[in-house]
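These notes concern the structure reproduced below.
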Amino acid sequence: KEGYLVNSYTGCKYECLKLGDNDYCLRECRQQYGKSGGYCYAFACWCTHLYEQAVVWPLPNKTCN
């Protein structure tokens, strides 16, 4: 499974500025999901190699504001 890293409280994606390989995204994805990968895609952190139950953006009933 893959998807955008999401803040479970706000429903917002984790933003990033350096597209492609990105240490911040990799660190955040691994911190939240263990052995996942991560990079910056469309100015948000995209996590790879997630388990199927991983929670990713968008969250039901939560809009980012």
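In case you wondered, yes, glycine gets a Cβ from its N, Cα and C as well.
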Among Cys40, Cys47, Cys64, cysteine joined to Cys16 by disulfide in Swiss-Prot: Cys40
Candidates Cys12, Cys25, Cys29, Cys47 (disulfide-bonded residues) - the one closest to Cys40 (disulfide bond) by CA: Cys25
Helix-strand-coil residue split for the domain 'LCN-type CS-alpha/beta' (1-65), DSSP-based: 11 helix, 17 strand, 37 coil
Nearest of the disulfide-bonded residues (Cys25, Cys29, Cys45, Cys47) to Cys12 (disulfide bond), judged by Cα-Cα distance: Cys45
